[in-house]
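Per Swiss-Prot, the feature Zn(2+) binding site maps to Asp118, Asn150, His199, His281. Summarising the annotation, Swiss-Prot assigns motif 'SAPNY motif' to 307-311 and lists similarity to another entry as the type of evidence. Feature annotation from Swiss-Prot assigns region 'Autoinhibitory segment' to 407-414; the stated evidence is similarity to another entry. The annotation region 'Auto-inhibitory domain' is assigned in Swiss-Prot to 465-487. Annotation source Swiss-Prot lists region 'Disordered' at 475-521.
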Amino acid sequence: MSEPKAIDPKLSTTDRVVKAVPFPPSHRLTAKEVFDNDGKPRVDILKAHLMKEGRLEETVALRIITEGASILRQEKNLLDIDAPVTVCGDIHGQFFDLMKLFEVGGSPANTRYLFLGDYVDRGYFSIECVLYLWALKILYPKTLFLLRGNHECRHLTEYFTFKQECKIKYSERVYDACMDAFDCLPLAALMNQQFLCVHGGLSPEINTLDDIRKLDRFKEPPAYGPMCDILWSDPLEDFGNEKTQEHFTHNTVRGCSYFYSYPAVCEFLQHNNLLSILRAHEAQDAGYRMYRKSQTTGFPSLITIFSAPNYLDVYNNKAAVLKYENNVMNIRQFNCSPHPYWLPNFMDVFTWSLPFVGEKVTEMLVNVLNICSDDELGSEEDGFDGATAAARKEVIRNKIRAIGKMARVFSVLREESESVLTLKGLTPTGMLPSGVLSGGKQTLQSATVEAIEADEAIKGFSPQHKITSFEEAKGLDRINERMPPRRDAMPSDANLNSINKALASETNGTDSNGSNSSNIQ
């Protein structure tokens, strides 16, 4: 009878534990690989490489971004786009879902596309989205169109994830090039002379299409004014059934810009001889929402499109694109696609593992400090007077309590690691609220972001609970919909309308040679 083979006690530190998951390519694509002899990007090669989490040489990434920006710079504030066209909403760094979008909407080689902005932030593949979309813009400058969203700016990309992503995957040079390119993005599009397409919505300072054409867009979006409103405004929650007579009210959800009403939209459409407004900017459970119909045309006065399925991996929403052809509008929905996993805020595995190590270290410290009993401490301190001995005992007990508290924090971090990561992902800064971990599981269950950035609370969050509904995820993520604090924000006691009316300097008369909208066909 043969003896059983001994088990090798050595554990390899170089072999991949999960061999079924391929390692990302270490080779960075060169200019010769990305561009053909005519200087056009090979988008199929680029797509295949990015799908494997591959990267480009920095000079190649910069070339794509700057060449795309030079094309965008030549375009007008208000694009004129003919049908047929496929309109897409927010992408938010969900590159693998963007690939699904092109499967559903059609190949960019033979399909006209209009994107309504928000290509970056929140998702962990934002730079891949920018590089691929900008490469498509270089290849198809007359059939693929990109508008600016509220996240295409320095203020939000520094606050959320895009700047950090660029620095980790490439460099700050690439990030700066992206910011310059974002300044070139058009603000709106007139589709088929019937539909105004923007990211956010209307402004009390924009009454005609020429008001959009006259804006100076080549800058960081201001904290208020017509350019801000185009990117940030939303329809009222009770749009079409308003309880107020005001056309525009302060947007309390965003902390800037306005809510606009059904009468405001109908008045704008009638004044400019338009059929509807197409916009993005708000997550939708079904991927789209059609609002109350216009009384004069019988067509929805406003349509929201959102193209990031299972937004943030917790919303459980569908995504949609809008296809308009031969005066027929079709909505095509799609679900999320699998994607590689990143820890929150691009955390590395060593940082992530610290709670596990920390728990063991603090456990050892507590055990060391607990070796001495009260009797032993008392016998050692016979030489001290009563007050000194008592004080020394109290110091040691306080140290034990402090180490014990630290041990409890690390224990919560380890045991509830998944919930902690989810909560981090839903807070604006990626940091946990003060005091959450030291309070243990019960405190984590009622954690709020109050101590971090805002008065809005993340309510109902429990370590044992999984987010299952769209409304729950939207409520938890509400704080992230606000404009982050900025120095040039409008004074809280100022009148919004009077300040916006004073912004005559925002218009410079350029880009005013655009055609007026024609009658609805």
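All positions are counted from 1 along the displayed chain.
Glycine residues also receive a Cβ, built from the backbone N, Cα and C atoms like all the rest.
Here the structure is a predicted model, which means the values were calculated and not measured.
Neighbour count (other Cβ atoms within 10 Å of the Cβ, all protein chains): 26 for His281 (Zn(2+) binding site).
The secondary structure of Asn150 (Zn(2+) binding site), as reduced to three states from DSSP, is coil rather than helix or strand. Here the region 'Auto-inhibitory domain' (465-487) is broken down by DSSP into helix, strand and coil counts: 11 helix, 0 strand, 12 coil. Same-chain neighbours of the Zn(2+) site beyond Asp118, Asn150, His199, His281, judged by a C-beta within 8 angstroms of the site's C-beta center, are, in sequence order, Asp90, Leu116, Gly117, Gly149, His151, Gly200, Leu231, Trp232, Ala280.
Summed and averaged per residue, pLDDT over the region 'Autoinhibitory segment' (407-414) gives 68.
Over all protein chains present, the Cβ of Asn150 (Zn(2+) binding site) has 26 other Cβ atoms lying within 10 Å. The DSSP breakdown of the motif 'SAPNY motif' (307-311) into helical (H, G, I), extended (E, B) and coil residues amounts to 1 helix, 0 strand, 4 coil. In this view, His199 (Zn(2+) binding site) is surrounded by 26 other Cβ atoms within 10 Å of its Cβ, with every protein chain counted.
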